[in-house]
Amino acid sequence: MLLEQIWGFLTAHPISVVTTILIVYLIHITLKPLNRVRRLGDVGLFFGKPELKGFYRERQLERLKLLRRVGDMPPVFPNGWYCVCESEKLANNQIMEITVLGQFLSLIRSESGAVYITDSYCPHIGANFNIGGRVVRDNCIQCPFHGWIFSAETGKCVEVPYDEGRIPEQAKVTTWPCIERNNNIYLWYHCDGAEPEWEIPEITEITDGFWHLGGRTEHEVMCHIQEIPENGADIAHLNYLHKSAPPVTKGSDIIKTDLSDPQPAVQHVWDGKWEVKSEEDRHCGVMHLNQFMTFWGYKVPLTSSKLVAEQHGPGIVHMLFDFGIWGKGVVFQTVTPEEALLQRVRFRIFSNIPWFFVKFFMTVEAMQFERDVFIWSNKKYIKSPLLVKNDGPIQKHRRWFSQFYTENSPKMLKDGSLSNQAKSIFDW
């Protein structure tokens, strides 16, 4: 009887039902935090007109990698901390495969919630912990092939289940230093085996629960890692590449956007500077940026923002925002070198800013970032650029960034291979 009444209502009021469903759906997607993910080839690369699809697209991507002129590049894996996972993506008692520094590793969360990173291959006969391995005894991992058990903390084998004899001394898996900070998990890498040389600052507003996750974006970018943070010192490009407002023009696609328009209808106006934080914190570079929007040359009220972006080493940026009456927050930009010329870039915002403003801000930020992706994915690295007076402190930034390269930093050879493989500081 009830089903008949429901069916009768649906058939009698189809427009009302469809409208209600549409409204509920729109509310859902509006309130849902932004999760914008772009894989390699989704943005930044040109696949012809008409655009290539499927197999032909993949083949063209391989050709682009092969034929692109990369230039005289610095080493490909600088020393520092790298984000390998967002905290909420790793559950207790889980082993997760991660890609970083040109290799697969195993990210582990124990039953009690601690995080560890180890090499992925069992030293017994070489099985992969990521494929069928499991967490046991709180903080140990068990190989899926023969059941050998290793401490995720020390890497040592603690049990061979079918043999009661003495465990071989060399039965050990390599571990990597890691830390969980600001709802991200980071790995420490140093090509000379040095212990962590600085700490990642803790944002107390996140720890104390005053700021909450409001959205994220993730991009795969085909370039050298140094190209991305160098943007912070390249002040001149802001008022050209990022001048027009993406939602009003052609979004992120610079092929379809007339960047030479001297007076876009809606325009971002930028002003900033970059400098080394201090001699004591020489691993940290700071960019101060002021921005507002104009409409036909007139400043738009309530669009002003001030940004202090602190870059901690080669792969972490903390962007501290003050939006005035809208509130405050931080955007984490993390750059992780998965391969020599493949970076995974994540943006995550934590704030007390209203949800609708956060979603708008992160969407515009992503579109602006994707304009840079078009440049990075197709440019070559020039060791000695031809700079003019108002280009900004690009050379100063390069001298600062060079501290993260040392004698054993892996270099990309002419055939595309690496001079040496990245390894844990515990392998020295």
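Backbone N, Cα and C define each Cβ position, glycine as well.
Copied from Swiss-Prot, the annotated features are:
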BINDING   C122, H124, C143, H146  [2Fe-2S] cluster binding site
DOMAIN    81-187  domain 'Rieske'
TRANSMEM  6-26  transmembrane segment
Legend entry - Same chain, 6+ residues apart, C-beta under 8 Å of the C-beta of H146 ([2Fe-2S] cluster binding site), given in sequence order: C122, H124, I125, A127, V160, P161, Y162
Inset, instruction - Name the secondary structure element type, per DSSP in three states, that contains C122 ([2Fe-2S] cluster binding site). - result: coil
Inset, instruction - Please compare the binding-site residues C122, C143 by how many other CB atoms fall within 10 Å of each one's CB, and tell me which has the fewest. - result: C122
Legend entry - Extra residues within 8 Å (Cβ to Cβ centroid of C122, H124, C143, H146), [2Fe-2S] cluster: P123, I125, G126, A127, P144, F145, G147, W148
Inset, instruction - Restricting attention to the domain 'Rieske' (81-187), give the mean pLDDT. - result: 97
Inset, instruction - With DSSP as the reference, give the number of residues of the domain 'Rieske' (81-187) in helix, strand and coil. - result: 3 helix, 51 strand, 53 coil
